[in-house]
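To start, the structure under review is shown below, and the notes come after it.
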Amino acid sequence: MSDTIAAIATAHGVGSISIVRLSGERALEFALRFSRKTKLTPRHATFTKLFNQNNEIIDEAIMIYFKAPYSFTGEDIVEFQTHGGFSVSEVLLEELVSLGARFALAGEFSKRACLNGKMTPLKALNIQDLILSKSALAAKIIARNMQGNLGELLEKIRTDLVKTLAFVETSIDYADDDLPSDLLEKISTMCEENSKILKEIYTLSQSKKGLIEGFKIAIIGKPNVGKSSLLNALLSYERAIVSDIAGTTRDTIEESFKLGTHLLRIIDTAGIRESKDTIEQIGVALSKKSLEDADIILAVFDASRVQDKEDEKIFELLANTDKKIFWILNKSDLENVFKNTRNKNFIKLSAQKDIALLKEELQNYLNSFDSEGIMVSSLDLINACKISSEAIFRAKELLEESSLELFAFELNLAINELARFTKDFQRDEILDEMFGNFCLGK
């Protein structure tokens, strides 16, 4: 990491300020050359003119110097706050590269921060998730993780496993010495507790992923019951074509909108019915796939039409789902001839006039989700927690069977999975645990 890297840190486009970030051993040298300054005081904002190599002014800017190791990357960093827009920051970046800097790769500043011990991979992941968060609630959950709660917990579990592995591998090396029964019991309890904690993290993260990613809602029903009108009403603008002709929507339409603090990703599906039309059949198949992916289902029926076989097909399709279903009787402002033979708790509304009741019911349901507890959004981390939990549980069973070599194998697997997000697992740690408490000179 001896080279110096540079990148524009702000979003591309027109704005009042653009930030160019420079990191590496030559960062201060380049900054002094551009500003014609002789020195920069660390952590002080310096107003200056910036010049190119032909001594032509590029811009008036503010420079901030972060001296290593007290910086984001742990290296010397200089940030240039220039005027925004498309040109100034690009010119500055090109000039930096012409002096000897290198265009930074995606995520390279964070990577250097991890390699220099300024943050764990988990924190870097949380920062990325925070940047990409789509709602205030998601940002709150991710920010809570950034405070170290999750990282500290995973590191504690990893440390417990490393210490346990040290005891067990010592026992394997000295096969004549069995592990004391009380120690075996403690190890078994530790495995059970840590496996349970990791399982709670990944199951909670999967069951409440909508709090972070946005809840996915599928609108389902036979053709021409007002699904597209309902979509438009929820979005508060016309996104889907509304027509009296059945089968107008032949593909799924997905849009996002906010309801209170929650992000909702809503899908208008093709009407489900028997059809010989190939295109419509594909649309129906996509509708059924949307049901599988959805967190919430809006099942729509037409109050102005007598219940028929196509309505029955919708009831049958949803009979065995464990998803939350809101039963909606649309067009309730017209003469109501629909018979509620299934005794469903219908929300009666008119998508073209007023859906306030549906929004209220949706918000009450979403607000019932507890945002407390440790949740993660990274699929990679969720899988790591799952793999580790299962490996630790298998290790516990193998310990009870006195299969210490296989126990050590499973524990190694769990340690390595967790280490990807906390710190690198080095085999020397096992040796440190083995001999760290020995007498001096031994």
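Just so you know, glycine gets a Cβ as well, placed from its N, Cα and C.
Because the structure is a prediction, the values reported are computed rather than measured.
Lys118 ((6S)-5-formyl-5,6,7,8-tetrahydrofolate binding site): 18 other CB atoms within 10 A of its CB, across all protein chains. For Arg21, Glu79, Lys118, Lys442, the entry in Swiss-Prot reads (6S)-5-formyl-5,6,7,8-tetrahydrofolate binding site.
For Asn224 (GTP binding site), other Cβ atoms within 10 Å of its Cβ number 19. Feature annotation from Swiss-Prot assigns GTP binding site to 224-229, 243-249, 268-271.
In the three-state DSSP reading, Asn224 (GTP binding site) counts as coil. What Swiss-Prot lists as K(+) binding site is Asn224, Ser243, Ile245, Thr248.
Per Swiss-Prot, Mg(2+) binding site is recorded for Ser228, Thr249, and the stated evidence type is sequence analysis.
The domain 'TrmE-type G' annotation in Swiss-Prot covers 214-367.
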Among Arg21, Lys227, which are binding-site residues, the residue with the most C-beta atoms within 10 angstroms of its C-beta: Lys227
Lys118 ((6S)-5-formyl-5,6,7,8-tetrahydrofolate binding site) to Ser228 (Mg(2+) binding site) - Cα separation in whole Å: 50
PLDDT averaged over the residues of the domain 'TrmE-type G' (214-367): 78
DSSP-derived structure type at Lys118 ((6S)-5-formyl-5,6,7,8-tetrahydrofolate binding site), helix or strand or else coil: coil
